[in-house]
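Each remark here refers to the structure printed beneath this line.
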Amino acid sequence: MEEGQELERWEGYVDWRNKPAVRKKHGGMLAASFVLVVEILENLAFLANASNLVTYLMNFMHFSPSKSATDVTNFMGTAFLLALLGGFLSDAFFTSYVIYLISAVIEFLGLIILTIQAKKPSLKPPPCNPLDSPCQSVTGSQAAMLFGGLYLTALGIGGIKGSLVPHGAEQFDENTVQGRKARSTFFNYFVFCLSCGGLIAVTFVVWVEDNKGWQWGFGISTIAILLSIPVFLGGSSLYRSKIPTGSPLTTIAKVLAAGTFSRRTPQGITNTNAVIDYGGPSPAESKTETYFKEEFTQTTTKTNNLSNDLTFLNRAVERQPINKFLHCTAEEVEDVKVVLKVIPIFLSTIMLNCCLAQLSTFSVEQAATMDTRVGSLTVPPASLPIFPVTFTMLLAPVYDHVILPFARRITKTEMGITHLQRIGTGLVLSIIAMAVAAVVEVKRKRVATHEGLLDSTKPLPISFFWIALQYLFLGSADLFTLAGLLEFFFSEAPAKMRSLATSLSWASLALGYYLSSVLVQIVNSATGKGSHQPWLKGSNLNHYHLERFYWLMCVLSAVNYFHFLFWAIRYRYIKSGTKG
């Protein structure tokens, strides 16, 4: 009976009580469904603030448009970058189950701070009219409270992003075709649920923030993240969680160090890790050489298990390390090779996310200068993401149930459309989006000039629906790229590094937001020399040269796409089910 139970266990997984997880009881789509519901609540809490935060910083904290945009991109960049910390802790020391719960509590505390500040007038700068006198931006303890709340929230968001996706993906058996297909469906519906939360955020919550007060907006986010905790706990009896295996960064560093600093194999030790029998060490032999002979004698891994990719790392096994702590197995070397081979793909997606950063900054500011009326209803500019969010919600099920099965029949492969093909499609869409954004900005400024409203703060007689075009293209790009990246990193990465590898998807978003801030500064520095006005500086967006900035990003995105193609064509999939 015990032997039968042993066969039913999920090797390397435990349940929420840290007991061995068993088949038919733990894992599967039902367990992952709790994760999908949690993602709706989590992204509602996150996007409700992120999409409209630039307005809050401008109107209530009295920052300039460019500083508001920079602070928002820095906040969002930090949140996504901290996903690496959440992923690292999930792989190394705690289960993804535990990391999610800790992170949700941290985000809850950060949102409480922001809610209190938004409600208390004494904790914000006094209201002012910029036409009468310059507004005093938030400083001192008020600024400390603002940024303390924001970055505590960012820490919680990062932990959630780094643990929730891999926790859901862990519920599926990758050793079966059915399990891999179900996991692919999970990633598609994860993006769908992410969009569901975003839809509520950019419609209902943004309306509340603009019409009832930001204390209510932050309050709704606080309640949403609080509700996500019992929902997540509701699936506890169904979850299976990967057992932490120690720091993946230690393994990566060890292999890189061993491959770089290893010494040539001592005489008597062959490159197959076998030791010629000397009948004992000679008096002249050092203790170090004696250790390595004994160590290599016990090593069962052979160098013929090493691939021909990144062969310089093979020296970590084939040669003698300078220290016994740098001794590596062939499996460790191959794991690190996988990580290094996905890095160029990761770097190729940063520019796309730099384009996406504009949806939360300059695009919102553009819409704020335009006519946002739809009949008798006035739409808040921060609700513009409703266009890509709605399109994503419509496209995700169509992709999973129509496009993907059709592609599988045509290509005769399990995947149908490969991860890298999805990512590449997103990169092409981002190029088109930036070109469209530049053309729309030219039209917007032409209207402002023709109507004599360049120096006015009145809404321009041009519908904000024009801005929706760039949102649609970038939203589509995000659907293809994010879902493709999440599944690509999770399925290709070694099991012991999956949470950290999956977090690279969010880190790409982070670096994209940071790159956006850096590009703004570089552009302003390069274009503001002498008596020239910088392209992206000042209190009036109508005097910006935003169209030139968008054209620049279009060109950079095109260059980046060819960089992606260079690596994608050469990439060979590793995991089963990804061939072809």
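Yeah, the Cβs are placed from backbone N, Cα and C, and that goes for glycine too.
The feature transmembrane segment is assigned by TrEMBL to 27-48 (among others).
Listed as Cβ neighbours of the transmembrane segment (68-90) (distance under 8 Å, sequence separation of 6 or more from its ends, same chain) are residues 46, 50, 53-54, 57-58, 61, 96, 99, 103, 150-151, 153-155, 157-163, 166-167, 242, 244, 247-249, 357, 360-362, 365, 499-504, 506-514, 516-517, 520-521. According to TrEMBL, the transmembrane segment annotation covers 68-90 (among others).
Sequence-distant contacts of the transmembrane segment (97-116) (same chain, six or more residues past either end, CB-CB distance under 8 Å): 16, 38, 42, 45, 49, 86, 89-90, 123, 145-146, 148-160, 162-164, 167, 215, 218-219, 221-222, 225-226, 228-229, 232-233, 236, 239, 241. Residues annotated as transmembrane segment in TrEMBL: 97-116 (among others).
If you look at the transmembrane segment (143-165), the same-chain residues 6 or more away from its ends with a CB under 8 A from one of its CBs are 35, 38-39, 42, 46, 49, 61, 75-76, 78-90, 96-97, 99-100, 102-114, 117, 123, 190, 225, 486, 490, 499-500, 502-503, 505-506. If you look up TrEMBL, you'll see 143-165 (among others) marked as transmembrane segment.
For 186-208 (among others), the entry in TrEMBL reads transmembrane segment. When Cβ-Cβ distances below 8 Å are used as the criterion, the transmembrane segment (186-208) is approached by residues 29, 32, 35-37, 39-48, 51-52, 165, 168-169, 171-172, 216-217, 220-221, 380, 382-386, 389-390, 392-393, 396-397, 399-400, 479, 482-483, 486-487, 490 of the same chain, each at least six residues removed from its ends.
What TrEMBL lists as transmembrane segment is 214-233 (among others). Same-chain residues lying 6+ beyond the ends of the transmembrane segment (214-233) with a Cβ under 8 Å from its Cβ atoms: 34-35, 37-38, 41-42, 44-46, 48-49, 52, 56, 60, 100-101, 104-105, 107-108, 111-112, 114-115, 118-119, 156, 205-206, 208.
Annotated transmembrane segment per TrEMBL: 342-362 (among others), in sequence order.
For 382-402 (among others), the entry in TrEMBL reads transmembrane segment.
When Cβ-Cβ distances below 8 Å are used as the criterion, the transmembrane segment (423-442) is approached by residues 345, 348-349, 351-352, 355-356, 358, 363, 366, 466-467, 469-470, 473-474, 476-482, 484-485, 488, 546-548, 550-551, 553-554, 557-558, 560-561, 564-565, 568 of the same chain, each at least six residues removed from its ends. According to TrEMBL, the transmembrane segment annotation covers 423-442 (among others).
For 462-488 (among others), the entry in TrEMBL reads transmembrane segment.
When Cβ-Cβ distances below 8 Å are used as the criterion, the transmembrane segment (500-523) is approached by residues 66, 69-70, 73-74, 76-84, 86-88, 90-91, 158, 161-162, 165-166, 169, 248-249, 339, 342, 346, 349-358, 361, 482, 485-486, 489-490, 492-493, 534-536, 549, 552-553 of the same chain, each at least six residues removed from its ends. Sequence annotations record features per position, and here TrEMBL assigns transmembrane segment to 500-523 (among others).
Marked as transmembrane segment by TrEMBL: 549-569 (among others).
Counting Cβ pairs closer than 8 Å and at least 6 residues apart in sequence, the transmembrane segment (549-569) and the transmembrane segment (27-48) reach fewer than three and form no contact.
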